[in-house]
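> Could you have a look at this structure, given as C-alpha cells, before my questions?
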Amino acid sequence: MCIAFSPISELSFVLAFQMAESLLQMVIENLQAFVQDELATLWGVHSQIQELSGNLAAIHAVVQDAEEKQIRERAVKLWLQKLSDAAHVLDDILDECSIESNRLHSEQCLTRLDPVTIMFRRDIGKRMKEMVDRFRQIDEERRRFELRGRVPERQQEDEAWRQTCSGITEHNIYGREQDTENILEFLSRSADSSNDLSVYPIVGMGGLGKTTLVRWVYNDKKVIEHFHMRIWVCVSTEFNTMRILESIVESTSGHNPNLSTLEALKNKVQEILLGKRYLLVLDDMWSTDKWEDLKSVLLCGGGTKGAAVLVTTRVESVASVMGTCPAHRLSPLSEDDNWLLFKYHAFGSDKVERTELVAIGKEIVKKCGGSPLASKALGSLLRNKKEEIQWVNVLESKFWDILEDDAIIVRALKISYFNLKLSLRQCFAFCAIFPEDFRMEKEQLIHLWIANGLIKSKGRLEIEDVGNEAWEELCQRSFFQEVEIDELGRTTFKMHDLFHELAQSIMGEECRVYDESASLTNLSTRVHHVTCLKPEAEVNMDPFKKAESLRSMINLLPLDDHNLCGLPPFNSLRALRTNASQLSALKSLTHLRYLNLRRSGITTLPECVSRLQKLQILKLEDCLNLSCLPKHLTQLKDLRHLLIEECHSLVEMPSNIGELKCLRTLNLFIVDKKEGHGLSELRDLQLGGKLRIKGLENVLNEGDARDANLSAKKNLEKLYLSWDSSDSRRVANAERILEALEPPSNLKSFGMNGYSGVELPSWMQNTSILSSLVMVILYDCKNCKHLPPLGKLPHLTVLYVSGMKDVKYIDDDSYDGVNQKAFKSLKYL
C-alpha cells in the first residue's frame, strides 16, 4: 500500500506552505549567486533574471499573509502549490546553468561559437522565458488575493543548542510509579505462575508515554534478572509476521537470520524460545489480523512457562483480542506530574527557576491535557528562552484555539514546530521520507539534507557541522527520540509516530513512501521525494515521468538488478539510493549530489560518474565485487565523502586522490608504489571520521609515511593500519614506518594488522597521545613481544588481540598495583 500522508487537520495547509516559503528563500539565494557569478550574462538571460528577481521579491514579501489566508481560501492554497512547483523547476534550471558553466571552464571551452554551447544557450533562453511567463502569472494572481507584505520576525539563534543530545535523558518517568508497579506485578506473579503465554496490553491514546513506560520496565534490573531473554519488536501499522520473526531472531542472536521462508523462520524462533522464560514487547500494535499465527509460534508447543508478552497500542480492540488479562489503560498525567516533566525539560536539572516563568509554565502545562509528549516538546522549546514574552507567546499562541478539531497534543506539536527556525522546519519535514518507526542513521540524514540543499555552510562552520547542529537542536527539542550510539560511534534514532504524522502533513503530496503492495499509478506530478520498500520486486519507472522535479529516490530494500536500466532521465534528481548493478542511466543524472550504491552487486563504477560535477557524497560500502573506481574520479571537485569500506575486491585507488580538496571522509586508502598512489596523497586532505590504510608494505621509507600527516588530522576518530602479513621481509622498515604514522591525540578507535615489526612505536607507549581511545584492535602482529601500556587508557572499552602468539607481557607501567586500577573501563576482551 502507499503510505499516504493524510493531514491531521486543515492546518496542514499552513504547514505545507512553510515548505514553499523555505524553497522560495533558497531559490532567491541561488538567483543572487547566479547574478554574482555573471552566469546571466554568459547565457544571455540577464533581462529574464532581472524580471524574475523582481517577481520573486514581491511574492516573497507576502507569503506570511498567505499562510493565514489559505486556511479559509482554497484559491490561496492552490496558488502556493503553483508557486512551489514553479520554484522547483526554476531551481533546476539555475543548477543546470551552473553545471554547464563548470563544464566549459574545466574544458577551457569558453567560446560562444562552440556548437554545444550555442544549443544550450538557446535552450536555456527558451526555458527561462517560460519561467518568466510562469512567475509573471503567479505574481498577477498574487495581486488578486490582496495579500499584504510583512516583515519577517527575526528568530534568535540559541547558542545553548550547541550541545550534544545526550545532555537530556529520561532519568525518570514522572507520575507512572503505580503503572510501573502494575506491570512488574504482572510479570513477576501472574505471568510467572502461568503455564500458558501471558499477554498484557497497555492501551492509551498517542503521546501518553506507553512506549516510554514499557521501555522503563523492560530495562528494570529485576526484569533483566528474572527473564532468560528480552526481545523488543516495533510492529507499527502493518502486522508483518515474517518481519517480526526476523526481528526476534536478530534480537537474540545479534545477526540477520537470512532465512527466505516463513516456515524456516518459525522453526528458528521456536528453537530459540523453547524452554526459555522470555519477555517479548510488541510495541505500537494496530492490527490483530495475523496474531493467532504469531501466537502459535510463541507458544512453542507448550514450553513457555513464565513467558510474557507486553503489547502497547492505541486500539481498544487490539487490547481485547490479544490480552490474556484485562488491559492496563494509561491515563493522562496529573497537572503536578506533568509540571515536573515540563520543568525538567524547560529549566534543566541545575537551572534556577524564575518565578514569573514558573507561573506562565504552569498555565502552559494546563493546556497540555496530561500529555507527557506535549509537555516534553514545549518544555524543550522553552529551554533556552529567557524572556518572559517568549513564554507568553507560547501560552497565547493562536494554535491553541484555531481549528478546534485538532487533539491537544497535535496543537502542542505544531506550536513547537512553528517555533523552529525556517531551515530547521525544512530539515524536520524532510524526515517524512522515511517510514513510520524507521530507525534512521544520523549521518545518512545529514547527507540527504546536504544533497537537497536544506543546509549550507555558515561562517567557519563546515556544512556537516551545520547539519550536526540542526540534528542536535531537533533532538534537544524532542523531535527525535530513542537515540542510540553503538560502540563504533554510529548514531541512530527514531521519531515519535505523532511527530512523524506531523512531518507527513507538512510534506503532503511532495513525499511518498511505497511498500510491497503499493501501486505507483497514482503518483502526483508534485512529488519530489520517493522512498520504496518493495523487496525483490520490479519497480515500473513509467509513473515517475509525470513528476516535474523529482529530487530524491531512496530504496531502503534490495531491488532487481535491472531496475535502474529503465530509469527515465531524471535530470532533477539530487539523491539516489539503489541496489541496482546496471548503471548506464547515471550519465543523465547531472544534478546528483548523493549516490548510495551500498551492498549492490556492481563490479565496476562507470566512468560517467566522474562527470557528475555536483556529486558530494558517494557511498559504495559493502560492494563486495567492486574491483575498480573510475579513472577520472578526481574530476569530482565537490566530492566531500567517499565511502568504500568493505569493498574487498578493490585493489587500487584512482591516482592523485589528493586533488579532491573538498574531501572530508575517505574511509579506505590503498597504498601503491605507482606515482599518485602514495601516502603523500593524504597530506593536505582534512579527513575526519574513519580511515583505513591498506598496503603499507608498499611504503618505502618513513619519510613517505610522514607525508600522510596523520597527526594533523584532528577530526579523525578511527584509524586502522594494514600490512600484507605475507610480506615480512623488512621488519626494521615496518617499525620506522609505524613510528612515522603517529595519529592525532583525540583518536577514539585504533587498529592494525599484519605489522611485521618487533618493537612498537614510541607514540603507542605514550598514554597521553592515546588517552581518548575507546577501542583497540591488534591482529596478526606476529613478531611483537609485548603490548603497550593499554591498561592506563581511561576510556578503553573494547580490546581485541589475535594472532600475536609471541607476546609475553604488557608493559610493566600498565598497572602500578597500588594507586591505579588497570583497564578500569574495559567491557569486552
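Heads up, the Cβ atoms here are built off N, Cα and C, so glycines get one too.
Residues or ranges marked as signal peptide in TrEMBL: 1-16. Positions annotated as domain 'Disease resistance N-terminal' by TrEMBL: 24-108. The annotation domain 'NB-ARC' is assigned in TrEMBL to 177-347. If you look up TrEMBL, you'll see 433-503 marked as domain 'Disease resistance protein winged helix'. Sequence annotations record features per position, and here TrEMBL assigns domain 'R13L1/DRL21-like LRR repeat region' to 679-804.
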> Before we move on, state whether the domain 'NB-ARC' (177-347) and the domain 'Disease resistance protein winged helix' (433-503) share at least 3 Cβ pairs under 8 Å, counting only pairs 6 or more apart in sequence.
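Between the domain 'Disease resistance protein winged helix' (433-503) and the domain 'NB-ARC' (177-347), which are separate recorded stretches, there is contact, as judged by 3 or more close Cβ pairs.
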> With DSSP helix as H/G/I and strand as E/B, how many residues of the domain 'R13L1/DRL21-like LRR repeat region' (679-804) fall in helix, strand and coil?
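Reading the DSSP string over the domain 'R13L1/DRL21-like LRR repeat region' (679-804) gives 32 helix, 30 strand, 64 coil.
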> What are the helix, strand and coil residue counts for the domain 'Disease resistance N-terminal' (24-108) according to DSSP?
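Going through the domain 'Disease resistance N-terminal' (24-108) residue by residue, I get 75 helix, 0 strand, 10 coil.
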> By DSSP, how many residues in the domain 'Disease resistance protein winged helix' (433-503) are helix, how many strand, and how many coil?
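Across the domain 'Disease resistance protein winged helix' (433-503), DSSP assigns the residues as follows: 32 helix, 13 strand, 26 coil.
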